[in-house]
Amino acid sequence: MAAHQEKKLAEERKHQNMQNDTKASQGQWGRAWEVDWFSLASILFLLMFAPLIVYYFIMSCDQYQCSLTDPLLDLLTGNKHLSDIWNRTPTLTYRAAGIYALWVTFQVVLYMSIPDFCHKFLPGYVGGVQEGAVTPAGVVNKYEINGLQAWIITHVLWFANASCFHFFSPTIIFDNWIPLLWCANILGYAVSTFAMIKGYFFPTNAKDCKFTGNFFYDYMMGIEFNPRIGKWFDFKLFFNGRPGIVAWTLINLSFAAKQQELYGEVTNSMILVNVLQGIYVLDFFWNEAWYLKTIDICHDHFGWYLGWGDCVWLPYLYTLQGLYLVYHPVQLCTAHAVGVLMLGLLGYFIFRMTNHQKDLFRRTNGNCRIWGKKPEYIECSYVSVDGTKYYSKLMTSGFWGWARHFNYTGDLMGSLAYCLACGFEHILPYFYIVYMTILLTHRCIRDEHRCCSKYGKDWKRYTAAVPYRLLPGIF
């Protein structure tokens, strides 16, 4: 009898430990379970003002030659009223709606209907069907990686039209820039709302959903971890990469075409912005399979933050340098242009090599060479929602021995180069480096909070080995 009772107590303790492990693992993956007042205030601020921020920047260029202060001065001095500014803003048009609907439909077709063929003839490129990281529920999703192919097809058609067919003007994006903004907002809000409804009533995987009970937080940060329609249409992969990032280079090309139309030339600053941002976009699609292991796919749920952000914030605020140069063409001196190019290329080199070292380390499970020698690392473990224990390794050598997020450092160097290409006459093009600094610093903090919860004491060992986040010896 005593032995039976002892066995029963042992089983209860085991069950309780499993529940505790599961609860802990749930808290360490993705977004929060509970919402504090600061998080809620931040969410409400972004929901209310992020769309207005985008409108303010675009309106400033359209009506005030990209001055961020003149609209405020007009309003404060009474020279203009909000209604005056709003009435001068182009409205949604059938033409813009048709262009945008055709664009999104075309990207859906490229994403869903044409299996990747680039990996069959491009050495080193990883495309086709690939596996993502394990989700909180222990699921490993499969993805059709064909973003590079979609980018190539889209741009081949763009240049074919510009040089041969002439179905539309290369300036079509700039000429419909604000009407397209309204279309992007409609899609962003529509997909975010649909994702929330789907999370409540027909989630792809109920175990990968999180509910806080706070409508605003759940709407913005998302409920479902990997919402899907059918087997292959993954909301996060599609909206993170298509249509916004494919459009990024097309938008810049349209701005360059407008500069040529208005001034009879394309300045070296516009060329620099097109080249440097084009490298970044191509890098994204060349390494799309690697992107499946990043914070966006591995930890963020899909809500307004990603849905609206990828439809509106990314294409409209990440392209401010090209837009600014349409209104203020800048011809840089040779030294300035070379300096911007070198800074951008160095930043890209650091960004790419840092990520390459991490990817190589993961793929080989540490059986590789970094800077000519075997990498150093700390072994860690964590538990998923289903109670399964996993093991991982955190590298402490190479660029990852310099700082815990040195890839972000390279990213920031490239971002600064885009801004410096625009000269120093206005602050508007420098919004990007300010925003990226805030974004990537916040990502550092989010990622490290999550890793601390996930790895526990192992994470403290890692931070002791690599004490700096972004800048060795400083931060």
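Keep in mind that glycine also has a Cβ here, set from the backbone N, Cα and C atoms.
Over in TrEMBL, the protein carries these features:
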- 1-23: region 'Disordered' (REGION)
- 1-15: compositional bias 'Basic and acidic residues' (COMPBIAS)
- 37-58: transmembrane segment (TRANSMEM)
- 92-114: transmembrane segment (TRANSMEM)
- 148-168: transmembrane segment (TRANSMEM)
- 180-201: transmembrane segment (TRANSMEM)
- 237-255: transmembrane segment (TRANSMEM)
- 262-282: transmembrane segment (TRANSMEM)
- 302-320: transmembrane segment (TRANSMEM)
- 332-351: transmembrane segment (TRANSMEM)
- 415-440: transmembrane segment (TRANSMEM)
Cβ contacts the transmembrane segment (148-168)/the transmembrane segment (237-255), at least three under 8 Å, sequence gap 6 or more: yes
Recorded stretch that, among 37-58, 92-114, 180-201, 332-351, 415-440, has the most CB pairs under 8 Å to the transmembrane segment (302-320): 180-201
Leading stretch by Cβ pairs under 8 Å, where the reference is the transmembrane segment (237-255) and the options are 37-58, 92-114, 415-440: 92-114
Sequence-remote partners of the transmembrane segment (262-282) [C-beta within less than 8 Å, at least six residues beyond its ends]: 148, 151, 245-246, 248-249, 252-253, 255-256, 318-319, 321-322, 325-326, 329-332, 337, 340-341, 344-345, 348, 414, 417-418, 421-423
